[in-house]
Amino acid sequence: MMAMRTLPGLASSGLDGVSCQSRCNSSSSVVARTQYGLSRPQISRVRALSNTASLKTTITLSKLSFNPFLAGESLRVSSSIKAAPILRRAPVHRISAQASDASASDGHSEGTAKVGDVEIPKPAMGRVKIGIYFATWWALNVVFNIYNKKVLNAYPFPWLTSTLSLLAGSTIMLLSWVLRIVPAPDVDADFWKGLAPVALAHTIGHVAATVSMSKVAVSFTHIIKSAEPAFSVVIQRFFLGEHFPLPVYLSLLPIVGGCGLAAATELNFNMTGFVGAMISNVAFVFRNIFSKKGMSSGKNVGGMNYYACLSMMSLVFLTPFAIAVEGPKAWVTGWEAANAAIGPKILWWVVAQSVFYHLYNQVSYMSLNEISPLTFSIGNTMKRVTVIVSSIIIFHTQVRPVNAVGAAIAIIGTFLYSQVRS
């Protein structure tokens, strides 16, 4: 560890390890210019920095290459820097600090950003970015659910509708890669092998949810889907042998009770719609489990490209089943009937629901890249509230007061679950 050096002539900027102890005076300015090569404008910037920025640091130096106030130079540190949360003016960013053993990590995307041992308060711009992601995610999801329900009411072919959603997303991403709008992912056979169970579970969950929405109100499907945490705990407990603290189990009581109350008081209850939502819950729980295992090994792919690959593989899985279950003949007959009843709008509805399905999922995966699983879970809960309320308003869904109470209890239970799991 090299000894600390005192730099005479540098005004105190808070760098304790460098020991800048006093303001530049006329004699020390001469020393700074001759010994350290600082020009008069540079010394003025240092003085301004000391007067306008408050940067409290503790630095232990192992290697020092100066001058840090000149472009292209760097101050190398190997220990810790603790910066005060408020820097009053921007000039402090002119100091370029690099940790010799630093590595960026997405795991510290919330609260305090970390680079090696360096802790820096997260810029406000990052929080704005996350807020934009959330608002976009919720808005796109609401639009998708509206157009999806419109299509299913006029053209009740959920298997084809689900296939078109995946086809639209796959096409958008393939074009983005070909045109180099988005860099294509560097994936190998092991990546696709690990993605296969995730894509299979995603396919089942996607189709089951669409089947549910073709039979019941959008609000009812999302109320039942809010019970997903209960399925997650049960499956992980009995199939994976995981144990959870008592508060987690207690948080499931309002979820199960609220969903049960909402289902029992649903005016337009349909067993196929109810079972579809339940199957979707189970499938998405397994998707999350498989996704954790798959992401722990193999290629590291960003959220946007990961979901693109997931959509493509799900499309391959789903297409033959959609043809077998519904078939082109039924699709053509149904399209002619829908076109006669609705007109050209039906085509726009199909395109809109397909594109918005991909976009809202794309943004949700991009959000997950920026935030912790807890924040994502809370955001998902609030998204479901937004969808339920907006669908009730837009489709004029009749809701009994006791049904609304059941939905509220289930949503509150989901929120409590996200808190106790943190």
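Placement of Cβ uses the backbone N, Cα and C atoms for every residue, glycine included.
Automated prediction, rather than curation, is the source of TrEMBL annotations.
Going by TrEMBL, these are the annotated features:
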| type | residues | note |
| --- | --- | --- |
| DOMAIN | 129-418 | domain 'Sugar phosphate transporter' |
| TRANSMEM | 130-147 | transmembrane segment |
| TRANSMEM | 159-179 | transmembrane segment |
| TRANSMEM | 244-263 | transmembrane segment |
| TRANSMEM | 269-286 | transmembrane segment |
| TRANSMEM | 306-325 | transmembrane segment |
| TRANSMEM | 337-360 | transmembrane segment |
| TRANSMEM | 404-420 | transmembrane segment |
Stretch-level contact, the transmembrane segment (159-179) and the transmembrane segment (404-420), CB cutoff 8 A, at least 3 pairs: no
The transmembrane segment (404-420) touching the transmembrane segment (244-263) per 3+ Cβ pairs under 8 Å rule: yes
Rounded mean pLDDT for the residues that make up the domain 'Sugar phosphate transporter' (129-418): 89
